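A quick write-up on the structure given underneath.
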Amino acid sequence: MNTPPPGSSPSIPGMSIAEMHRRHAESLERIAELSQAPSANLDYPGQRRRILRATRDALGQLLPLETIALFLVDEESFDFLLDQCEPEDCRKELQLEIDRQIESGTFGWAVNNAHPVLVTSTRASGPLLFHVLATEQRVIGMFVGILEESAPPLPRESEVLISIAMRQTAQLLDNAAIRESLRQATSEVESIVAERTRTLRAANERLEEAGRAKTEYLVTKIREMRMPLTAITGFTELLLEDPSLEAISPERRQDLRVVLRNSKWLGEIVENITELARIDERRFEPVRQRCSPAEIAQDVVKSMLIKANEKRISLTVSVGDDTPPLIHTDPPKLRQILVNLISNGIKFTEEGHVELQVALGRSDDISVAFRVVDTGVGMTPEELRGIFEPFSQASEGTSEQFGGTGLGLTISKQLAEDLGGSIVAESEVGRGSIFTLHIPINQKVAAVKQPGGTSPNGDQDLAEMEPSQELPALDCRVLLAEYGHDHQRLIASVLEKFGATLTIVNNGAEAIQLAEAARSEGESFDFILLDLQMPIMDGYEATRLLRERGIDSSIIGLATTDGDDDWKKCVDAGCSGYVTKPIDRQEFHEILAAQLEQRRAARES
């Protein structure tokens, strides 16, 4: 059965013109509603089923359909494949019917016509309706319907409405296919990204693990290096101070000074490597507190005078009148930065001076500026650009001529940034360098007056201060737990020079036993010095047990590493203080004197 010739407009038997117009109007409404058919909540097959049903509803007023189906073009084979069929149990019979229509050429003829094609079915009682599903760009597929046996001929108006509905259906199917392609592409990209993310995460974890292993290795080796360094530095100092060796030749005494200077230099290298490893692992968290920038600057310069005097250069500090009396920062880390900057200035200055200038930051008035000015060799612009890079030296011959690892400035810059500040450098060859450190003030404490109502001197030349002045005697009883025989001898010699009465044991267990015995006899020790890495019982465990048993002596941890984690472990265990090997005798004496004064004040109160 074929469609009537174009231009004819037969009426449907038994149906009035008004009824036919009403049905056409309803069909138009249903066709307009076709655009609402797809749902993003459905998968791709679900969207196609909904489109087919919406198409059936749109055609329901025009055609009495028993079976409907969608054949979609396969993008690889270009075959028309049965995709959707309702009722589903008609699928097999419909496929057989379409196979025969393809063999006869009818199916292909319908593909090339942009209007409904009605033909006689070879298997069903009613006629077949074909309509190609195509957009302006491509053929999507074929709509197939089996009409009831009594279906009347199609009026021209119905054909037009069917074609409109089919174009809408084709566009909906095309849009759904595009969305599915986008979804698949997005899913593939997400899978690739997820896989690469997993790969990168695994690689990062391996890198972090390697970094942790590297850091632990460095810490272990540094601990091993500090042990002999402590003995070398300490015994060399004792030899230089021994009156019985005054008769040795000046050349031999100078040799001892060379040994001492190089052992301290090696100690600085060890410290820099330790700090760099800690920064690399981001293990540093600032511990901020109120402190005086003027006092810190003066203390640092005082501690560096020996180095400056050895090179016969002037080291001074000047504090501007506008310097805030207090700032809020991490004092030990600020000192470390200033020590590194001043050490750098001294190292590269052969004659002239190094000056530390402290003043209010001119650019913002919310920071303190510490300027280290030297009259050293200076740097070219090219050398200056890489000065803060790890292991950087101004030139290849710098390390040989001046020594160092090129880590001090790298560490200083990172510490400054961790404190919320910055470091900038200026330099000119032959005239020297200026390193400016900016540290935030924190306005909450900037207006607090300095204790006692005094302010630091505007200019103070510390070059004449005596760095090796006689240390006051300490009248105290000390229990030393140290397993290294060389270190026992060294620390014992230092403490005896301080005037302390000393008892020595080899581990923490022996220290606990002696401390309890001394307390029971009413002769408690003023200090218990514990090596933190002793065998049998280390210093941490010994400290915990001593505190649990009520021993109130000042307990000082002796460490071969210098880190915030070690200090925290000491405090958590119950230590009163912490000293790092190689031991700085001046600092060691100050710690013991301060603790002793606190104990005496507590007893008197």
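Positions of Cβ are set from backbone N, Cα and C atoms, glycine also.
Copied over from TrEMBL, here are the features:
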- 220-443: domain 'Histidine kinase' (DOMAIN)
- 477-596: domain 'Response regulatory' (DOMAIN)
- Asp531: 4-aspartylphosphate (MOD_RES)
In DSSP terms, the domain 'Response regulatory' (477-596) comprises 59 helix, 25 strand, 36 coil
By a simple count, how many Cβ atoms lie within 10 Å of the Cβ of the residue listed as '4-aspartylphosphate', its own Cβ left out?
26
Model confidence over the domain 'Histidine kinase' (220-443), averaged pLDDT
82
